[in-house]
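J.: TrEMBL feature annotations, pasted as is:
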- A:66-223: domain 'Dyp-type peroxidase N-terminal' (DOMAIN)
- A:231-423: domain 'Dyp-type peroxidase C-terminal' (DOMAIN)
- A:ARG299: protoporphyrin IX binding site (BINDING)
- A:HIS334, A:ARG350: heme b binding site (BINDING)
There are 2 protein chains.
Amino acid sequence: MTSSSDDDRAKQASRRKFLKTGGAAVAASASLGAGLAAPGVAQGATHRDKPFDPYSVVEPFYAPHQAGIVTPQQSHTYVAAFDLATNSRDDVIKLLRQWTQTAARLTQGQTAGPLEGSGDNQSAPDAGDVLGIGPAGLTITFGFGPGLFMAADKDRYGLAHRRPAALVDLPRFNGDQLVAEKTGGDLFIQACANDAQVAFHAVRELSRAAYGTVHMRWGQAGFVSGPRGQTPRNLMGFKDGTNNPPISDAAAMNQFVWAQAADAPWMEGGTYTVVRRIRITVEHWDQMERGFQEQVFGREKYSGAPIGKTREFDAVDLAAEDKDGNPLIPENSHVRLSNRDSNDGAQILRRSYSYNDGTNFYIERWPPWRQETEYDAGLIFIAHQADPRKGFIPINDRLAKFDMMNQFTTHVGSAIFACPPGAKPGSFIGAGLFDA
Amino acid sequence: MTSSSDDDRAKQASRRKFLKTGGAAVAASASLGAGLAAPGVAQGATHRDKPFDPYSVVEPFYAPHQAGIVTPQQSHTYVAAFDLATNSRDDVIKLLRQWTQTAARLTQGQTAGPLEGSGDNQSAPDAGDVLGIGPAGLTITFGFGPGLFMAADKDRYGLAHRRPAALVDLPRFNGDQLVAEKTGGDLFIQACANDAQVAFHAVRELSRAAYGTVHMRWGQAGFVSGPRGQTPRNLMGFKDGTNNPPISDAAAMNQFVWAQAADAPWMEGGTYTVVRRIRITVEHWDQMERGFQEQVFGREKYSGAPIGKTREFDAVDLAAEDKDGNPLIPENSHVRLSNRDSNDGAQILRRSYSYNDGTNFYIERWPPWRQETEYDAGLIFIAHQADPRKGFIPINDRLAKFDMMNQFTTHVGSAIFACPPGAKPGSFIGAGLFDA
């Protein structure tokens with residue numbers, strides 16, 4: 001899913017910088033085919049000087065916005081959703097306080113609890129599986145699902161009247177094949193880090209701290225590959241994220257990502273996050289011709305350029321036609337359908353990860369009664385936006401109906417969360433929601 | 001699973017080197033607790049000078065031994081097994097030739113097929129999802145399962161008489177809960193790389209090249225975390241691999257890892273590989289006291305030292321007793337049971353990875369009829385050895401019966417393969433098996 005921001009000066013400046021400094025990278029990957037490796041500027045690639053040590057990065061926790069939203073994208077994530085198993089508002093507040101304190105520790109490279117003085121007669125204060133790795137850029141982002149406000153027609157915590165209108169129940173989209181145990185959730189944690197185990201460890205410790213108050217609903221590991229400084233390729237082999245609104249552009253972030261006060265002042269400076277588990281039929285896709293794949297995306301596979309252009313960050317020209325007057329970027333291509341010019345200017349900030357959960361054995365229970373093992377791999381689509389009613393929902397409604405890519409993708413999980421603004425020291429994430 | 005090699009000079013030399021150079025690393029991780037981060041020498045950590053660029057590493061493909069066995073362990077793997085769907089010996093040879101050629105390309109940082117000249121009217125010569133990443137230390141290791149020699153009592157390829165006695169059918173071990181679709185396989189591919197997508201890409205391309213000749217049986221992604229130069233911790237939080245025979249010790253490799261000619265001269269210089277998918281009940285484990293966890297392992301959690309010692313690489317002393325005359329390292333601890341002194345001197349080369357496949361929703365169909373979501377996470381145990389009848393089988397037989405760790409682990413997948421020696425240029429992996 002892409003949206004355009006063609007005249008972005010930050011990207012151009014970064015591109016110029018690359019042209020000056022990127023010669024070595026091009027030479028190093030020349031064996032992959034001339035001209036294929038010209039790295040563009042990935043989200044998150046522009047803020048750090050080399051050499052980059054992925055383990056020593058520390059992201060601040062207490063800040064006006066929660067980290068993990070416009071933070072330069074780390075290489076790994078573990079996202080998880082939980083259902084609340086209490087009817088007590090105080091339990092929820094107590095949990096959020098504890099989560100806030102633990103997250104503040106973990107993101108600064110500390111263990112979940114102090115190791116010193118922990119006796120043998122109590123459970124370990126930390127699983128210990130990331131000791132010695134370093135903070136690894138860990139961010140922990142919390143969100144609230146619809147069930148915090150109303151679950152089974154019950155207002156368990158007296159919060160129903162504070163539910164933002166923007167926290168809608170997502171509609172059913174064309175083609176959705178959602179699995180209940182990969183969908184929804186009252187509470188959300190997104191842990192991102194430059195190390196798979198550091199990301200998982202955060203969710204593991206927070207989940208353990210919540211023992212008895214929540215049940216885990218689903219959890220999912222994800223990754224993006226390759227060196228920083230390139231737009232990562234998804235498992236379909238195409239660069240993913242080229243046309244994101246740039247995180248360095250505060251005005252764009254204010255317009256498209258950060259929630260306004262609106263009907264829920266406690267959400268001001270937060271964001272609304274949609275998570276979709278999108279399985280990709282990798283085996284099927286790999287049988288397709290490259291030219292067809294490019295028609296599906298509306299971009300060239302190797303360079304990432306829009307069809308008809310030559311460079312990844314060249315502007316998408318939806319009006320361009322071939323000599324016969326047909327659109328160069330096909331009507332049902334992903335780039336056209338998701339482009340902001342096709343969506344009343346709407347943009348969302350995608351911060352997606354690939355996932356790769358091994359294989360499933362699959363039986364078709366109707367002719368031809370096929371039995372086969374297939375990859376359980378695809379995209380953990382994560383999008384942040386100021387209002388999903390103007391962002392993900394209309395964009396995905398169009399994609400779900402018309403996108404040629406739908407032949408190769410299945411949405412099997414879905415969730416929406418209100419991610420409140422950052423916590424103040426001494427307070428906790430979402431405190432504004434519970435104010436009298 | 002561990003085995004001792006206490007007097008190893010290479011490790012000692014490396015430790016001395018660490019003591020001279022490692023101060024910075026200790027300081028950097030001081031916030032994790034004093035003395036916790038003293039990095040030992042992980043397998044694979046001793047051969048490269050810093051700065052280490054994980055993407056530029058190139059491992060040779062054509063060599064006396066296959067790569068990926070005594071190669072310094074890369075950070076990621078994708079392992080997969082396939083069943084042959086042909087009755088033609090020539091088809092098998094043709095497949096192995098093609099796999100060899102493709103693997104030689106991929107490991108050197110090239111695409112599966114040439115991109116140049118590939119027209120739009122043919123399927124893409126390469127999925128393209130790792131273009132620009134670099135070779136990333138990719139190794140591809142092939143193995144042959146029992147089904148290549150005999151399947152359903154049929155000798156499909158006239159190879160039954162060449163099956164090595166060491167390629168046994170693994171016995172059922174105490175506690176095994178093997179799942180058919182995660183177990184076995186006629187052919188095996190282990191792809192390891194310093195990037196998750198590069199490892200997966202290799203299996204994906206090789207699988208595609210085999211379309212029609214094989215069916216995928218199972219596939220599995222794995223990882224080890226943290227910077228090079230430390231023994232990685234598994235998901236139980238303990239260092240894993242401390243007591244491996246050192247890959248730098250050629251004599252030890254010849255003794256314990258590389259197959260002799262024996263009854264199958266075509267396997268000389270190869271190895272026998274056991275793969276086990278071991279689920280860890282992380283949630284349950286995390287509730288345990290640290291002291292108890294250390295009794296289970298027989299090691300201290302933070303330092304990795306054997307109980308009663310202070311440093312990770314201190315020798316395991318099975319005879320040490322406390323003041324009451326009880327063994328310091330418990331009778332049913334993992335370290336004692338797997339130690340070579342408990343196994344007639346047997347050693348195996350473990351080269352395992354953690355896995356993290358999200359969560360499963362789980363229903364107990366008997367009281368208390370529990371329903372819950374649990375992590376599908378654990379260890380892809382991979383062990384290479386000269387003869388599994390002297391290695392994995394007796395060691396695991398003892399562990400399966402007595403290891404206290406069994407309360408927290410379940411073996412759900414299992415496979416054994418004969419990995420032949422490396423290919424000569426112009427020839428193919430396993431050529432010796434097909435010689436008249």
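Keep in mind that glycine also has a Cβ here, set from the backbone N, Cα and C atoms.
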J.: What does DSSP call A:HIS334 (heme b binding site) in the simple three-state scheme?
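T.: Where A:HIS334 (heme b binding site) sits, the three-state DSSP reduction gives helix.
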J.: To what whole number does the mean pLDDT across the domain 'Dyp-type peroxidase N-terminal' (A:66-223) round?
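T.: Taking every residue of the domain 'Dyp-type peroxidase N-terminal' (A:66-223) together, the mean pLDDT is 95.
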J.: Measuring Cα to Cα, how far is A:ARG299 (protoporphyrin IX binding site) from A:ARG350 (heme b binding site) in Å?
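T.: Just about 18 Å between their Cα atoms.
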J.: Just counting, how many other CB atoms are there within 10 A of the CB of A:HIS334 (heme b binding site)?
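T.: Here the count is 25.
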J.: Is it possible to get the count of other C-beta atoms within 10 angstroms of the C-beta of A:ARG350 (heme b binding site)?
T.: 24
J.: Specify the count of other C-beta atoms within 10 Å of the C-beta of the residue listed as 'protoporphyrin IX binding site'.
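T.: Taking every protein chain into account, the count is 26.
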